[in-house]
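See structure below.
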Amino acid sequence: MATAVRGLKLQTEDYFLTDKNVVMVAERHPQPVFPLHHHDFDELVIVWRGNGLHLWNDVPYRITRGDMFYVSANDRHSYESVHGLELDNILYIRNRLTLSADWQRLLPGGEHPQSQRHWCLGSEGMDTLREKVDALRQECMKSDALSLQLSEALLLQIALLAARYRHTPDNPQLADAHQLDMLMNALRASIAAPFRFEAFCEQHHFSARSLRSRFKEQTGMSVPHYLRQLRLCKAMELLRYDLQTIGDIAALCGFEDSNYFSVVFHQAFGVSPSAYRQRFLNVE
């Protein structure tokens, strides 16, 4: 198999204010297309709005508001197909953090499976975290002793609050969730199963028109388009790592007709599912 491409390496001296600072915030409002890269620092990525394709260690994620990633220094990732994507990267040098905290648990690194480093936030969690991130953004632009300590203390607060409010992408609907959060959770849980938006709204006594409009405003996509993107990202993952037939993969990703799946996949990525899979097969 061909050697994995490492891409660009982002250096600490280009992103941290001084060699004393161990925490920084890289604001990306918007986040442009950015090529494959890795770092010599770790980062916590929080997506606020818009959408894009996050390719992380060769696994595709269709990201939008509420997605959160714990990215380690050795991870390789890129951003593609971005549309109004806004996110913050909270950068930190793990081995230079001085506060007595269980950093390995609060900010899981490369020793944890990738599936345990992708989480989602609801509206309440996003509002709470955004306030702390904004405070850190201001504090980390100073290098006096008190500001350095305050920056690390704010990172600890962010890590604790993230652990409190985060949930897995396929988490069941939460009874106290906001309408938009409930819809996002339902869509993430409907990759393999049919999803009927009108029935969902009727079941929860939501205004379909209002919710549809708010979803488009926050994500930059319609509900059907977002669900299709989730399904296509799952298909990309299965085509890379699973040996099931194209038809079986189509069914697992919510497409009843494998021919239709092939057409949609080709329209999205410019290549057929079988040709895409061929790229990742071992070459003798």
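Cβ coordinates come from backbone N, Cα and C, glycine included.
Listed in Swiss-Prot:
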type	residues	note
DNA_BIND	198-219	DNA-binding region
DNA_BIND	246-269	DNA-binding region
DOMAIN	181-279	domain 'HTH araC/xylS-type'
SITE	Asp248	site 'Interaction with sigma-70'
According to DSSP, which kind of secondary structure is Asp248 (site 'Interaction with sigma-70') found in, if we only use helix, strand and coil?
helix
Using Cβ-Cβ distances, find the residues under 8 Å from Asp248 (site 'Interaction with sigma-70') that belong to the same chain and are at least 6 apart in sequence, listing them in sequence order.
none
Could you tell me the mean pLDDT the prediction assigns to the DNA-binding region (246-269)?
95
Helix, strand and coil residues within the DNA-binding region (198-219) as assigned by DSSP
19 helix, 0 strand, 3 coil
